[in-house]
Structure formats: C-alpha cells, structure tokens
Amino acid sequence: MSELSIEHCSKYYKKNGEPMCVLKEADMVARGGRFVSIIGPSGCGKSTLFNIIAGLSKPSEGRVRLDGRDITGESGHVGYMLQKDLLLPWRTILDNVIIGLEIRGVPKKKARERALPMLQKYGLKGFEQDHPDALSGGMRQRAGLIRTLLDDKDVILLDEPFGALDAQTRLQMQNWLLQIWSDFQKTVLFVTHDIDEAIYLSDEIYVFTPRPGRIKAKIDVGLPRPRDEKTLMEDRFLHLKRELLLMLREEREPSG
Amino acid sequence: MAEKSVRDASGPVIEDRDREQAKIRRRAFVGQMIVGLLIIFLWEFLTWIGWLDSYYWSSPSTIVRTGWVAITEGTLLQDLAYTSGATISGFILGTVVGSALGLSFWWSDLYSRITEPYLIAFNAVPKLALAPVLVIMFGIGFDSKVILAFLMTVIVASIAAYSGVKNVDRDLEKMLLSLGAKRHHVFFKVVIPSSVPWMVSSLKINISLALAGTIVGEFISSRQGIGRMILYAGQILNIDLVWVGVVVLSALSIVMYLGTVWLERLLMRGRTPKS
Ligand SMILES: Nc1ncnc2c1ncn2[C@@H]1O[C@H](COP(=O)(O)OP(=O)(O)OP(=O)(O)O)[C@@H](O)[C@H]1O
Ligand SMILES: [Mg+2]
C-alpha cells in the first residue's frame, strides 16, 4: 500500500494571451489503503489534477510523490480510470481488460487466463466475449475498473466513474466498488460531484473551490466500515452532508 | 388474454432479427435475379423484333456466342487474367502504400502538416491524363498498367487513412499512456484499429478506380488485356466483340466489388461501419 502526496501543485494554461490558473497550490496526501475523495464544482481542475498525478500532464509548479519518490511527469506509476469508460470498441470485454498486461509484454493467452476469473468474480460473467456496445453503462464501468485493477498499481485514480449512471445502478456500483477496494487494498483517489457518494465511500474528502481550484477544506468522514444502506441514515452521515452542502453552496454564491 | 396473443401452441413468440433479416435477404436476392433476367430477355426480344438495331446493340445470345468463340479460339481468358491481375496488383499496392502513408502522419504533426497540401494537390491531378507519359516511362507491358492502377488508388487510400488518424480519440491515447504504454503501443493498439473503418470505406471506390486505371493503360498501348481487346474490336468494327468486352469487364467489376465487400466484412467483424 503506497502513499501518494501532492505538493503545492498548480497548473496554468494560456488563454487569449493571458495565463489562466485552473489549479492552485494543491497540497494533499492519500495514505496507504485510504479511500480519498475530491469534490468540487465542474471546471475546478479535478481532471487536470488527475492528469498531473498520472503523469500525462506536467504541473506548472509543485511535485507528485509516491512513497516519497518523485514521479512528477512520469506516467505508468498509478492506475487511472478516465472520466469516460474508454473501452476499445473493436475488442471484446476480455481483450479490453488485458490491454495493460499486453503492454507489459504478458502473452495474450496468459493475460486472458488471469483476467477471466476477475471478470467472473466481479459481475461480468457471461459478457467476456461481448463487445462494449452490447453492455450497459454500469457494466462498461466495471470493465474499465477491472482493466485498471489488472494493471496492478497500488494507487488508483477514479475520475467520476459513476457520473453517468442512474441512482439505482449508482448505489449498486458504489457497493461493488467498496467490495473491490477491500479485496484489493488499494489507495483510491476518487472524483465526484455527488456529496452522498463522497461521504458513503470515503475516509477523507477534499473540497475544492471553483476555478481556479484550491483546496478549501479536508473532511475526515469517520463513519464505521463496512458501510451499507443504513449508513445513509446515520446522524454522522447527515451531519457531514449538511456541512458539505453548505460549503459547496457558499462557493456558488458570488463573493464580490 | 393479452398473454395469449403472444403465445401459440409451441410457446412464446421469440423476436429473431437475424432470421427476419436472412429472410429479407433471400427474397431480395430472388427479386434481383428476376429483374436481371427480365432485362436480358427484353434486350434479346427487342433486338430480335428489330426495335433495337442489333448492329449497334448486338444481343445477349450473340454476345454469348461471340464470347464463347473468343474463349475457345481467341485469348479472352488470358486477357481477363491480364486485366484483373494488373487491377488487383495496383489496388493492393495502392491500398497498402496509401494506408501506410496516411497512418504515418500520426507520428509527427510537423511532417503531416508539411505533406498534407501536396497530398491534396496530387489528388486533384487527373492521373489518367498522365497515362501516355507513364506508358513511355514504364513500357507497354504489365508494369505501366499496375502503376496506373496504383496511382489511381494511392491518394484516396492515404486520405482515408489520414482521416482515420485525425479522428482517433485522444482520450484513448491517454488511457493507454496511463497504463505505461509507449508511442508504438498506442500506434498499433489504438491508432491502426480505430482507423480501420475509414480505410475500409475507401476499398470499394478504389477497386473501381484501379480497374479504370488499368483499362485506360490498355487503351493507350498494350498487347494484352480486355481494354486492348475492346479497342481492337472497335477498330475492326466488330461491335459484338466490343459488347463481349464490356460484359466481361462488368462481370469482373462486380466480382471484385463483392471481393471488397467480403474483405470489409472480414476487417469489420464486431464493429459498426463508418459510412
Ligand atoms: N489543455 C487545456 N488548455 C486550456 N484550458 C484547459 C485545458 N484543459 C483543461 N482546461 C480548462 O481547465 C479547467 C479545468 O478543467 P478540468 O477538466 O480539470 O475540470 P473538472 O474539474 O474535471 O471538471 P468536470 O467536473 O466538468 O469534469 C476547465 O475550465 C478547462 O476548460
Ligand atoms: Mg473532469
């Protein structure tokens, strides 16, 4: 279990000749095995932050460290599930999830043998040979996450994986994710718009301000695990929910 | 009651799209055959009663007879082999080289930007007008026909592949890089497969362009080929033989078209086509 730390990361883009700040001096730590959520309004730089952590984009300033080692700008150290499911439409589900293994040079046959039980255990039994367009949104997200898990990194970044799902499927997927998380003991960084989702899943929540995204608060959830539907009714849950709602409402109000 | 309407003695009614489609396809095929036969009969009939002048229009039966003579006593089959050989060689060469060229643009923005205008300019050149020069350059043999068919197809193929490259989802690239991929992984696992529908969409046009190139090559100067046969038959006013050539070329064109359809199916298994 690895610890990820983000030290003073900022990102500027040039827009109409002026530098525009989309992420400002983010400092955060995700300790080993923790489930950490990031919540904030659209456009506050959440995906930008993930791209920086995954090494797909360089921060304008600041560093990213994995267990103390500087990995700023290097890709391939953390698992990253982007905002879209990004399955390859010409590959079957089975062949989609093994692509990370293929890249590492694992022979296709071996990779398939390794992936098959995973698919069957985590809700994709019977869909292994289907193409992605034959699957529901929730199924596709499962496949996307299994692909990330098979890549076997200690830290995984999930960018709004359930954003496009209906409420019912969403809750189902949240429980599914919690099961996977406890089975695999990963450090998870999770982006969401949804307050309930953030509280239900996380150990800690970072609240971002609107653009330029800064960290406004860090909240320790402190709800016992394992969590289930009853958690949603607990006083602590409702208290946190109110706190977060107020915090995000403040942000929406124009401040001057 | 409502339940009863969807059941019969053998159980519930199961909707089977594939079967319905197959049924429609079979019926359409029969219909197509009937229409074809009708046209041939009408042609035969109208030339027989003299409404169509059989000197210009020949007639199906004469065409078959003349064709048979051309096969048994002439060189029709060799000519056919020559023409289809040149067409298919040029087509394959043009498709492979053109696709490779188009795909190669993915590797460098600068290189693709420098090259693209020349590609478009060359596409605008009427390649067939160059035929006389090519015959002088490459001789009156097989090579000049292949080169013409190649030139007719290569640019279309490269433009198609390049469109595919331009439409590659950037996020797929990102996803792969996040899994630790190098650029060549992205190229072979994402860029090429996601460009396949674009490349495939050019095959059908290209096979007929290749055939046109070959025939023009044969018209200009050749010792063999269906094009040469047609030109020769026209010169000696053997219009029946001209018709034989036209019919054989049409048949060849249809067969090659079906070949590309088959190739398309093969390459597009499990995907939706890009029309
Ligand atoms: N390459 C770029 N050039 C210029 N601006 C960019 C670039 N990439 C992102 N931005 C801008 O940065 C801001 C933050 O984008 P980002 O995608 O990180 O937001 P987000 O918090 O993930 O939003 P959402 O919740 O809608 O996904 C946006 O306003 C976006 O327009
Ligand atoms: Mg985003």
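Note: Cβ is positioned from N, Cα and C throughout, glycine not excepted.
Long-range Cβ contacts of the transmembrane segment (B:29-51) within its own chain (Cβ-Cβ under 8 Å, at least 6 residues beyond either end) map to 57-61. Summarising the annotation, TrEMBL assigns transmembrane segment to B:29-51 (among others).
Residues annotated as domain 'ABC transmembrane type-1' in TrEMBL: B:76-267.
Within its own chain, the transmembrane segment (B:86-107) is flanked in space by residues 115-116, 142, 145-165, 168, 183, 187, 191-192, 195, 199, 202-203, 206-207, 210-211, 213-214, 217, 225, 252, 256, which lie at least six positions past its ends and keep a Cβ under 8 Å from the stretch. The transmembrane segment feature in TrEMBL is assigned to B:86-107 (among others).
Packing against the transmembrane segment (B:119-140) from elsewhere in the chain are residues 147-148, 151-152, 155-156, 158-159, 162, 212-213, 216-217, 220-223: each is 6 or more residues past its ends and has a CB under 8 Å from a CB in it. Positions annotated as transmembrane segment by TrEMBL: B:119-140 (among others).
Sequence annotations record features per position, and here TrEMBL assigns transmembrane segment to B:146-165 (among others).
Marked as transmembrane segment by TrEMBL: B:241-263 (among others).
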